[in-house]
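**Q** Pulled from Swiss-Prot, these are the listed features:
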type	residues	note
BINDING	L9, S10, G11, G12, L13, D14, S15, A16, T17, V18, L19	ATP binding site
BINDING	C189, C199, C202, C205	Zn(2+) binding site
Amino acid sequence: MTKRAIVLLSGGLDSATVLAMARAQGFETYALSMRYGQRHSSELEAARRVAAALGATRHEIIDLDLRRFGGSALTDDALAVPTDGASDGIPVTYVPARNTIMLSLALGWAEAVGGRDLFFGANAVDYSGYPDCRPEYVAAYETLANLATKAGVEGDRFRVHAPIIDMTKGEIIRAGIALGVDYSLTVSCYQADDDGRACGVCDSCRIRRAGFEAAGVPDPTRYQAAA
């Protein structure tokens, strides 16, 4: 019997690894990306490349303009993207309810195509300030999924997977390399240019670069300038 999984795919390093993990577990993968008004829209081109390279059965990009709400440095040009490392509290790069919105879209698609597994790249190590990247959030969303759907209330339960939630960036990279992920296809930078070249100074770039160093793997990231 075919097992189908919906995988949230941003085009970044973490979600590419999660897509490879879902495939390695024998799932037929359906990749879901969202054009939500993010600064770094070149990540969607990266998502297309990654979905093709990792053999996703389908890849859908949903338009939902969260820039109309603002509230995040990723969707509001008046808020600066931080470049000075981790800060106390919830980072300004947190997009209000983004994971909940995207998981809900994934849940609807999963029920429509007969999938019962949702995968996403939540990580509580690098992004410990994000409320929707915590283990208790993952557990709570799985409970919601099974309360809010026809399949769930009929006993055909959904499972929400966050396989990299406790992994360091170096561990994630090593796992992805073992599964054949080509990280040169990915874009992680919050301020990547239209060609997908990274700024080299934002927090996401800093974490990504440190991850490749920790993994002992050459960094394939293309930078806008020496950084």
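Cβ coordinates come from backbone N, Cα and C, glycine included.
I would like each feature placed in context: is it buried or exposed, what are its neighbours, and how far apart are things?
**A** DSSP assigns L13 (ATP binding site) to a helix in the three-state reduction. L13 (ATP binding site) has a Cβ environment of 28 other Cβ atoms inside 10 Å.
Look at C205 (Zn(2+) binding site): DSSP puts it in a helix.
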**Q** Can you give me the residues near the recorded ATP site, meaning same chain, not L9, S10, G11, G12, L13, D14, S15, A16, T17, V18, L19 themselves, Cβ no more than 8 Å from the center of the site's Cβ atoms?
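**A** Going along the sequence, the neighbours come out as A47, V50, G121, T186.
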**Q** By a simple count, how many Cβ atoms lie within 10 Å of the Cβ of G11 (ATP binding site), its own Cβ left out?
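**A** For G11 (ATP binding site), the 10 Å Cβ neighbour count is 26.
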**Q** Using all protein chains in view, find how many other C-beta atoms are within 10 Å of the C-beta of L19 (ATP binding site).
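**A** Counting Cβ neighbours of L19 (ATP binding site) within 10 Å gives 30.
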